[in-house]
Amino acid sequence: AMENFGCILYRETRLYYNNRTSTSKNKQDIALVIAHEIAHQWFGDLVSPSWWDDLWLNEGFAKWMEFVYTDKIHPEWDLYEQFIAYRWLSVMQNDAISFSHPVNMKITHNEQLTSIFDAITYSKGSSLLRMMRNFMGNNTFNRGISKYLSQHIYSTATQNDLWKVLGEQMSEDNIQLPLNTSLSDIMSTWTDQMGYPYVEIIRDYDKNLIKISQKQFLFDFEAQPLKSPYNYIWSIPLKIKSSSSLQTNIIWFSKSNMNMTINIPSNEWILVNPDLLGFFRTNYDKENWKKIIQQFKIDHKKFSIVERAGLIDDAFNLARPNILPASLVFELLEYSNVEDSYIVWERILAGLQYIEQMIASSSSGLYLYERFRSYMVDLILPIYNKLGWQDNSLTDKWLDTLHRDMIISTACRYDLDRCIQRAQDLFEQWFNSPSNNTIEANQRPVVYCTSIRLGDRARFQFLLREYQASNDPQEKARIQTALTCTKDIELIRYLLHIHINPEQNIIRRQDVLNGIRSICRNFIAETECWTFVHARWTQLFRDHGDSLNFAELIKDVTGRFNTLLQLEEFERFSEQTTDKGAAEAEFRASIERIRANIQWVSKSKRNLEEWFLNQTLAIRLPHDWFPSKYQLYFDVFLQSTYPNNEEPNTTFTGHTRIRIRCRRSTNELRIHMKQLRLSYVILTRIGKNNNLISDWTLVLSSEVLLCRLRERCIKDEEYEFESLYSAELDREMAGFYLSRYNVTDTMTGQIITHNIGATHMQVN
């Protein structure tokens, strides 16, 4: 949309609402965009920034006020909580790289202009306004803003004008700042340098002391950010909340580190950023994290929704640069079967999405990816069962509807059987009766995507025809996104082709970038999309290089890159590409993100792998498989007696066959296996000869054999697992072991026996 003074222009999808075909999310997005443009009549039109440096006074204010205005009309939408998820915490991802930019960015040439219409200007700018409102109070903030508008009506302003008016209002309302410190001193550390801090809290439990330090948060701590006038030290507002109390006064932290005495019992947890008072991440010592995790399990509502979302988001993102072990995040999520907040779940799924991208794209992590997918099904099943599929206008709150849509989409994406069945049944009804689409609007995105992802080309062509025939802008956008869910590589190539060739007359020019970006977010399309963008860059730049959305294309293309080869390829592409348009800064940012991804894979993947494996150490086979018969054949090389008490030869060879039935279609087989030297492993379907195992890994730390299959097993079909190995007889009276007795003073007898309690076991 465009906020012309008294003549606002809107894109169709941002204005058109149809009660029958528009989703609840469509309705909310339309309301927010309308509120945003109306806010610009004051912030931007009535009072304009003096120069592009202060663009955030336009866009940050309009972004914040869109939530304020819409909340006045729809308080039941809980928009202040949604702001935390979709603006505050989300933009922290963008600002955690050394090639970010300050909110107040010095603009010296035209080429910089397009790049500042980004999340930093909009979302971080609005987040800093929220932070100011937090520490000065809502009434003082609003009175100050009214004076700011009145004093600069039909004129221009800078951020210093804003600091001056708000600072005067704070003095008038007796809101105290640190001695000899102005509001400008505080806020300039946030607007005139890029990034944000992470605050580390180390408690001395014996002395009731806490050591506080701050440092710029970066996903790649080896990166070297540009010099800052404040040396990446921020004036940070802190409050201390514990298990039993909340400190009301604000502590201003403006140094690299400091010590502070607290009067809090050592058995209680503490928070220093309750309700996300300030724009920073927080890390605690290991013991305090344990106390927080324990509180989540006992009574998670001791923390507010915003605090839970913040703690979970901090944990996920601190794990990315290996500040926290990845396993701690999953320990924190163990309470999630009782979590019912949409905002918290949005952050949980956003954090898990990054982990999925990394392990799905790692060639050495294929078995881990399948385990992760099984974990995801177990994670969301309780909330999926609670919310169900059907909206209920009598009992649902607004966020219940948004929450249901998100959880159903996630459940189907991870192949929850009942979810897939429901989605495909609904689609088939429409497919068989094209003139009568009875699928509810909120369910259409997941029904369309699931049916295209798992369906055939006939269903793809059907939905493409519906796209071309529809005059509803939101339905067209919905179908365009759903078509990109396909797993068919030929169809992915076709989609890329029709997006880049206007003569096909299928995709409108204004929809091209969003469509290509959606294709690139499809894991199956990663290689095709990278090849396409690389080969067609000149055309993409010519047609869309000045688009505000252009930089996001590069981000979507490279989001999963996590190998040195991919880094080198992209660096070469960047060096050879002179015309980058609005994506100039994103090229540098993507290189840094890829480096951070490589570090994550090398440092965190093993920690995550062991955590997953340790969850199932007591299980012989997962629930995906059911063993019906074991056959074990052993060859041992022992003499009956050994003169002079010589040590026996304890090596033996083994040959094992296990008859198993596939209970749930999967492409992983997992078996516990201890101290065996494997020669080969084979899995065959009964009546067939081809080996279905493509690769296998024996994880010694967890004593688990993980086999990756060439294809998913067929539910209820019988299979046979076979392995050949050698090992040493155990001396600990466990498994297949060796015992001895004295025949004479100079002769020892040997006994081979076993301690294997499984049923249907035959030892030959």
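Each residue, glycine too, has its Cβ placed from N, Cα and C.
Automatic, uncurated: that is what TrEMBL annotation is.
Feature annotations, courtesy of TrEMBL:
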ACT_SITE  Glu37  active site, proton acceptor
BINDING   His36, His40, Glu59  Zn(2+) binding site
DOMAIN    1-190  domain 'Peptidase M1 membrane alanine aminopeptidase'
DOMAIN    269-596  domain 'ERAP1-like C-terminal'
DOMAIN    627-754  domain 'Aminopeptidase N-like N-terminal'
SITE      Tyr122  site 'Transition state stabilizer'
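In this structure, the C-alpha atom of Tyr122 (site 'Transition state stabilizer') lies 13 angstrom from that of the residue listed as 'active site, proton acceptor'. Glu59 (Zn(2+) binding site) is 10 Å away from Glu37 (active site, proton acceptor) when you measure Cα to Cα. Taking Cβ-Cβ distances under 8 Å and a sequence gap of 6 or more within the same chain, the neighbours of Glu59 (Zn(2+) binding site) are Gly44, Phe117, Thr121, Tyr122, Gly125.
On the 0 to 100 pLDDT scale, the model's mean across the domain 'Aminopeptidase N-like N-terminal' (627-754) is 80. Those same-chain residues not listed among His36, His40, Glu59 yet with C-beta within 8 angstroms of the centroid of the Zn(2+) site C-beta atoms are Glu3, Glu37, Ala39, Phe43, Gly44, Asn58, Phe61, Ala62, Lys63, Met65, Glu66, Tyr122. In the three-state DSSP scheme, Tyr122 (site 'Transition state stabilizer') is classed as helix.
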